[in-house]
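Engineer: Pulled these features from TrEMBL for this protein:
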ACT_SITE  142  active site, proton acceptor
BINDING   240  substrate binding site
BINDING   270  heme b binding site
BINDING   271, 323, 331  Ca(2+) 2 binding site
COMPBIAS  29-93  compositional bias 'Pro residues'
DISULFID  111-192  disulfide bond
DISULFID  144-149  disulfide bond
DISULFID  198-400  disulfide bond
DISULFID  277-309  disulfide bond
DOMAIN    101-404  domain 'Plant heme peroxidase family profile'
REGION    23-97  region 'Disordered'
SITE      138  site 'Transition state stabilizer'
C-alpha cells in the first residue's frame with residue numbers, strides 16, 4: 001500500500017475545544033475535523049464533571065458533545081467514600097471467569113426494554129459524535145483494569161474523595177463515552193427504576209458502539225453490581241502508561257489473565273483511537289539530544305504531526321488518530337500501518353519492534369477475520385474481569401456518577 005500522501009495526513013488534524021473533565025481538572029476532548037466524522041457537541045456533565053469527547057477525522061480528533069445530566073440524587077451532602085489504601089492493590093483475579101449470576105437475559109423479566117433502550121441511545125450518540133465508540137472502548141478498559149468491571153471510573157470526585165476519573169491518566173477520557181452512559185441510565189431509570197447497573201450499561205453500550213464503528217460483535221452477559229469504591233490512588237500499577245517497556249506492559253496484562261496474543265488483539269482498538277499531542281510530542285521534538293524526531297516514524301507522517309502539534313503546549317486539545325489510514329473505522333488498517341512507521345504512540349511502535357508481538361501484528365495485518373475473532377474473544381474475557389455480583393460487594397446506583405450514600 002502506498003504511503004499516505006502528506007496532504008491527506010494534514011486533514012486528520014484539528015483543534016478541539018477543551019472541556020473540563022471534572023470540577024477540579026481540565027479534560028481534553030478532541031473534535032473531528034471537517035474531513036472526518038460529524039463533530040460531537042459539547043457535553044454537559046452530571047453533577048460531577050463534564051468530559052470532552054472526540055470525534056473522528058482523518059487524523060485529528062473530534063469535538064465534545066453535551067453530556068446529559070443524570071437524574072439528581074435526592075441526597076445532598078456527599079459522604080466520604082472508603083479511605084484509600086496506602087498501597088494500591090493490584091487486581092486480584094488473574095483469570096477472569098463468568099459468574100453464575102451473569103446471564104445474557106438477566107434483565108428479561110425485570111427490564112425487558114434494556115437492550116432496546118441501549119441500542120436506541122447508542123445509535124443516536126454515535127451518529128451525532130462518531131468518536132464515541134473510541135471513547136467508550138477506552139473508558140471500558142480503564143474501568144475493568146482497576147478493581148474490575150464495576151463502573152467505578154464513572155464516579156465523580158467530591159470534597160472527601162479523589163475518584164478514578166480524576167487520576168492524571170484518566171483526565172483525557174472522552175466526555176461522549178460518559179454522556180451516552182448517563183443518557184441510557186436516565187432512560188432506564190424511567191423505564192425500570194433501580195434495576196440496571198451502570199457497569200452493565202457501560203458494557204452493553206461499548207459492545208454496540210464497536211459494532212456501529214464496523215467492528216465485531218462480542219458476547220456479553222449481565223448482572224454486574226456497581227462498585228462501592230472509586231479512588232485515584234488505586235490506579236498506579238493497574239493501567240499501562242506510554243512510558244512503560246513491553247516487558248512491563250505484558251507483565252501487567254499477564255497479572256490480569258491476558259496472554260500476549262490477547263494484548264495485541266486488544267491493542268487493535270487503536271484502529272479507532274486517538275491521542276493528544278502531549279502523549280507523543282517527545283517522538284517529534286525531544287527524541288534525543290542530536291535527533292529531535294524519532295527516526296522510526298514515517299518521515300512524511302512525522303512532518304505532518306510536527307506541523308499539527310507545534311503549539312501543543314499552548315493548545316492542549318490537539319489530537320491525532322492512531323490509525324491515519326482509516327480513522328474512525330474499525331478494521332485492521334492499524335496493524336497494516338505499523339510496519340510503515342505509522343504507529344503514533346511508543347506503545348504502537350513497540351508492537352512491530354518486539355519479536356513477541358510482531359508476528360501477531362503481521363498476522364492481523366493480513367487477516368482481518370482473524371483479528372476480529374481474537375478481538376471479540378478478548379473483549380468478552382475483559383468484560384468478565386473481577387465482576388461483582390454479591391450485594392455485599394456492590395449495588396445498583398441511582399445515578400452513575402455518585403454512590404448511593406453520597
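A Cβ is built for glycine as well, from the same backbone N, Cα and C atoms used for every other residue.
Whatever TrEMBL says is automated annotation, not expert-curated.
Provide an account of the burial state, proximal residues and distances for the features listed.
Structural biologist: The Cβ neighbour count for residue 142 (active site, proton acceptor), using a 10 Å radius over every protein chain in view, is 21.
Using a 10 Å Cβ-Cβ cutoff, residue 240 (substrate binding site) registers 17 neighbours.
Under the DSSP three-state reduction, residue 270 (heme b binding site) is assigned to helix.
Cβ-based neighbour count (10 Å, all protein chains) for residue 331 (Ca(2+) 2 binding site) stands at 19.
For residue 111 (disulfide bond), the count of additional Cβ atoms within 10 Å of its Cβ stands at 20 [all protein chains shown].
According to DSSP, residue 144 (disulfide bond) sits within a helical segment.
If you draw a 10 Å sphere around the CB of residue 198 (disulfide bond), it holds 30 other CB atoms from the protein chains shown.
Sequence-distant contacts (6 or more apart, same chain, Cβ under 8 Å) of residue 277 (disulfide bond) comprise 305, 308, 309, 312, 316, 318, 319, 320. Residue 277 (disulfide bond) falls within a helix when secondary structure is assigned with DSSP.
The predicted model assigns the domain 'Plant heme peroxidase family profile' (101-404) a mean pLDDT of 96.
Of all Cβ atoms in the shown protein chains, 21 besides its own fall within 10 Å of the Cβ of residue 138 (site 'Transition state stabilizer').
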Engineer: Of all the recorded positions given, namely 144, 149, 240, 400, which is spatially nearest to residue 111 (disulfide bond) at the Cα level?
Structural biologist: 400
Engineer: When you rank 142, 144, 192, 271 by Cα distance to residue 240 (substrate binding site), which of the recorded positions ends up on top as the closest?
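Structural biologist: Its closest listed neighbour, by Cα, is 142.
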Engineer: What's the CA-CA gap between residue 270 (heme b binding site) and residue 323 (Ca(2+) 2 binding site) in angstrom, rounded?
Structural biologist: 7
Engineer: Near the Ca(2+) 2 site, what residues other than 271, 323, 331 in the same chain have a C-beta no further than 8 Å from the centroid of the listed C-beta atoms?
Structural biologist: 268, 270, 272, 325, 326, 327, 329, 330, 332, 333, 334, 335
Engineer: Give the sequence-ordered list of residues that share a chain with residue 271 (Ca(2+) 2 binding site), lie 6 or more positions from it, and have CB atoms under 8 Å from its CB.
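Structural biologist: 322, 323, 326, 329, 330, 331, 332, 333, 334, 335 - these are the non-local Cβ neighbours of residue 271 (Ca(2+) 2 binding site), listed in sequence order.
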Engineer: Going by Cα-Cα distance, pick out whichever of the recorded positions 138, 198, 400 is nearest to residue 149 (disulfide bond).
Structural biologist: 198
